[in-house]
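Pulled from TrEMBL:
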- A:332-360: region 'Disordered' (REGION)
- A:65-97: repeat 'WD' (REPEAT)
- A:298-339: repeat 'WD' (REPEAT)
Amino acid sequence: MSRIPVTSTPSLLPKLHLQHSAFFDLGSDVYIFETLRTTAGIAVSASNNSIKLYDPQTLMPAATNTYHSDRVTQIKARPNMLLSSSFDQQVAIWDLRQSFGRPAMSFRANSPVLSFDMSLDEKMLVGGTKLDDDLQATVCFWDIHAGKLAKVFEESHSDDITNIQCHPGNAKQLLSGSSDGLVCTYDVSQFDEDEALQFVANIGASVSQCGFFGPDAQFIYAQSDMETLQLWTSDATMLADFGDVRDVVQAGVPIDYVIGCRYDPVQQRLYLLGGSNSGDVHVMHVGAGSFEHVQVLSGGHGDIVRGFDWDAAGGWAVSGGEDGRLSLWSTEKPSTPVVMPSRNAEGSKKSAGGRRFNPY
Amino acid sequence: MHIQVAAVREEVRALLAASAESKRKFVETVELQIGLKNYDPQRDKRFSGTIKLPHIPRPKMTVCILGDAHDVDKAKAIDMPFRSVEDLKKMNKNKKLIKKMAASYDAFIASEALIKQIPRLLGPGLHKAGKFPTPRIRATIKFQLKKVLCLAVAIGNVSMEEDEVLGNIMLAVNFLVSLLKKRWQNVKSLYIKSTMGKPHRLY
C-alpha cells in the first residue's frame, strides 16, 4: 500500500500518442536537457552546449547554435524569443526572426548562471547563480532596455540558486529556489533586498524545481533532489507534503525519478510527471492529498527523460532525454507506427523521423 | 543483499570500541563514506540534500525558540533560550546583530505563524547561516556531492548506542543508493570512520 493514495483516472485527458522521434546527434552520446516549443519551432538544449531548433511537424533540424561555451542550464521561450542561461556566466536573448548565430542581447553574471526568467513586462531579466568560491549565491537583476546589471541580492540564499520564476501576473514579483532548501518570494517594487523579501518556505531539502501555479498563481510547488514534492500558498503556508513521490511504486506506478510539475491553466490542474529509467513517462494529476494516474507515455525514450514541454489543452507534447532522442506526442493517432533507427545506425537509413541531418 | 546487517554491526562495534580506547577530549563524529563509480556528475542528478535519520546525531544542539508571548513562556518553563517578537523587532533588521544571533545557536524553532513573519522582522539575515527556522527540530543531516566521486555523510557520533549508529547507517545507505540511477552498480565502496579513527570497510 502506498502512503500517497493513487487512483487511476485515464479519462482526465485524451491519450497522447507518439508521432515522431529523432536523434539529436545520431552516432554520438550527446543527450538532451530541455525541449521547448517556440514561435520558430522546437528548441532543444543538449549536453554538448548547443541549442537546436526543429520543425515542429517533421522534427527536421532547422538551425543550430553553439554560442555558449559551457553547459546550457536553462532555456525559456517568449513570443519570437528564446532565452538561454549557461555555466559560461551568461544569459542570452535570441530573436527568432533573425539568424540563429548570435543572440540579440546577452548579459553577464560573475558566476555560472543556473536559472533565470524574464518579467511579465519584458523589462527585467533575473538570474540565479551557482555558489561561488566566496560562498556567494546571487540573484542578479538586469535592466533589459539599459542593457546592464541593475541590482544583486546576495543574502537570500546560501547555496546554488536552481530556480527563478517571475510571477505570471505581476512584473514586480518573483520567486527563487535553492539547494539550501529555501523558496523565497520577492516584491521588487522596493529594490532593497531586506524590503523586497516577502515570504520564505523552508522545503527541508535542496530544491530541484519550483514554481507558481494556480489560476492566479497563488500557489507554489516545490520538488527536491530527494524526489519529494510539497505544495505551498505563495504566502508560505504549506498545503501538502507528499514526501518521496516514488512511494507511488507501491501503488503500481513504477517511477524512478520526477521529471517535473506542469500546470494546465485551462483545466486548472497541476500534473506531476514521473519517469522510469527505461524512458516511460507517467502523467499524474496532483490533488490536495492524493494523485490520479492519468496515462503513461511509452516508446518515446530508452533512458531517463529530462525535457518535457506540454500543452495539455492543445493535446501536444515534446520530450527529450538521456538517450539523445527527441519525441513528439499528440492526441492524433499516427497513420504509421513510429520506427526508430538504432542508436549506432550509420549512413542514410530512412525511418520516421530518423533521417540523418545536415549540420547547419 | 549487498551489505549484511550482521557484518555492519561488527564494524560498528569495532569502530566504537577503538574510539572508546583512545579516549579523545571531544565526541568523535561517525561518518559514512560512499565511493561512486560509473557516475557522471553532469548527467546524473545534482546530489545534495538532507536525510531524516531515526537517531539524532547531534543531541547537544543549541536551539533558540522564536515566539510570541505564549511560546516564550513555554521556552522559559523548559529553560530554553528564546527571543520574543518584540526582541526581534528591536533588532531593526541590523545585519550584524542578526548574524551574531545566527552564529550563537545551531538552530531556530518557531511556530508556523511566526515563521511567516520572519522575512518582515529580520529580512534574509538568517539565510546565509543556513538557519531559517523550522516548526520542529528536524533530525536531518546534510549531504552533498559536487565534483568528486565520494559522498561523505555524518551519520552519528561515538557517544551513541551501537543500535542507533547501525540504524542510521542502514537507513542512510539504502536511501542514498535509491537515489542513484544504477543503484548498487554506481557504488564502488562503503566505509565508516570516526573522526580520528581508521576507516572500516562495509562494501
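Any Cβ shown, glycine's included, is placed from N, Cα and C.
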Same-chain residues at least 6 beyond the ends of the repeat 'WD' (A:298-339) whose Cβ lies under 8 Å from its Cβ atoms: 13-26, 28-37, 42, 44-46, 54, 56, 59, 256-257, 259-260, 262, 264-267, 269, 271, 273, 275, 277-281, 351-354
Secondary structure content of the repeat 'WD' (A:65-97), with strand meaning DSSP E or B: 0 helix, 20 strand, 13 coil
Secondary structure content of the repeat 'WD' (A:298-339), with strand meaning DSSP E or B: 0 helix, 19 strand, 23 coil
Overall pLDDT of the repeat 'WD' (A:298-339), taken as the mean: 93
